[in-house]
Amino acid sequence: MVDRANRPSALNAPSAAAPEAQVDIVGSGPSSKVVATLPSGESVEVLLYGATVTSWKSNGGKTENLWLSEKAALDGSKAVRGGIPVVFPVFGPPPKSGHPTSSLPQHGFARTSRWEFLGKTTSEDTLDSNSVKLDFGLYTTGLSDEARKAWPLDFGLVYSVTLAKDSLQTVVNVRNEGEKNFEFQFLLHTYLKVKDISKVAITGLLGVTYIDKVLNATEHSQSDASVSITGEVDRVYAGIPQNTTSVVEDGTPRFDVVRDNLQDTVVWNPWIEKAKAMGDFAPDEGYKNMVCVEVGAVKGWQKLEKGEVFEGGQTIKSLV
Ligand SMILES: O=P(O)(O)OC[C@H]1O[C@@H](O)[C@H](O)[C@@H](O)[C@@H]1O
């Protein structure tokens, strides 16, 4: 028989503090990264170089959601092939001449600059006990001399990466800290990991106009309810009315990518030849296990006057 009098009462027992996310800075120099793990096992890794998310595991830490090339440079020598590189202040090759971004490399400098880790926010603050927010900063002063010379404008970027049980949120805040107005493009170049590209369908783009970079940058309208990848795909969907783009695998929802204050999405898969041609893309067959769904503001330019701020980002939900 249970001795009720001596049994500790769950209500009266002193409540132990809820376990918190573990956040560590691992390594030093150009390969240092911030690793956060929730008490339930989910984790995220963010390289300070580019503030590139290189791993996001959900499902108690059992499911990796991001594709990362086996040959990705993780030592700060070049942009990371995989994960979530941050594209700023220009998407793709910059305008040939006459634009303030014209001297910058493809996709700008954010993905090849070393960001500062600004700190974490956990349950003690505003978030629920099973999430953690990591903030990273990049300012004009943190740029290489080369980048500063190519884009001599005063800005501040704060990039927030929030890991929750089944989702990852990545949001950028861009501030014009100078006297001059400037304009920029921004994109989160997310490499989603899939099991078999031949079974992938991307939905949520029906009726949207896109520029097909594989077909000489011609304009088309998405007439099928879903996009299948059966060859090289490089499309810029612009002005998307609905907020969610979904990745379905073998008929089962795999990811929801929810845009916040961003109207455009690039869908990219290099396929056989282009994958082989990239020195840092491995294995060669890796194109079968990835698809880039890249949310951004890339059609036209976002203008910021002195002191103004732009904020935009995504929440990716892992549905397995
Ligand atoms: O090789 P990079 O610079 O990382 O770019 C990869 C791809 O990035 C995509 O966003 C572009 O639409 C493609 O045109 C480009 O090939």
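Count begins at 1; order follows the chain as displayed.
Using N, Cα and C of the backbone, Cβ positions are placed for all residues, glycine too.
No curator has checked TrEMBL annotations; they are predicted automatically.
Annotated in TrEMBL:
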- H189: active site (ACT_SITE)
- E294: active site (ACT_SITE)
- R81, Q106, R111: substrate binding site (BINDING)
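Where TrEMBL records a feature, it is marked here on the structure.
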| residue | record | Cβ within 10 Å |
| --- | --- | --- |
| R81 | substrate binding site | 22 |
| Q106 | substrate binding site | 12 |
| R111 | substrate binding site | 22 |
| H189 | active site | 24 |
| E294 | active site | 26 |
E294 (active site): secondary structure state under DSSP, collapsed to three categories: strand
Cα-to-Cα gap, R111 (substrate binding site) vs H189 (active site), nearest whole Å: 10
Candidates near ligand 1 among the binding-site residues R81, Q106, R111, judged by a Cβ under 6 angstroms: Q106
Distance, H189 (active site) to E294 (active site) (CA atoms, angstrom): 5
For the substrate site built from R81, Q106, R111, further residues of that chain with CB within 8 A of the site's CB center: K78, A79, V80, P85, V87, H107, T112, H189
Between H189 (active site) and R81 (substrate binding site): CA-CA distance (Å): 10
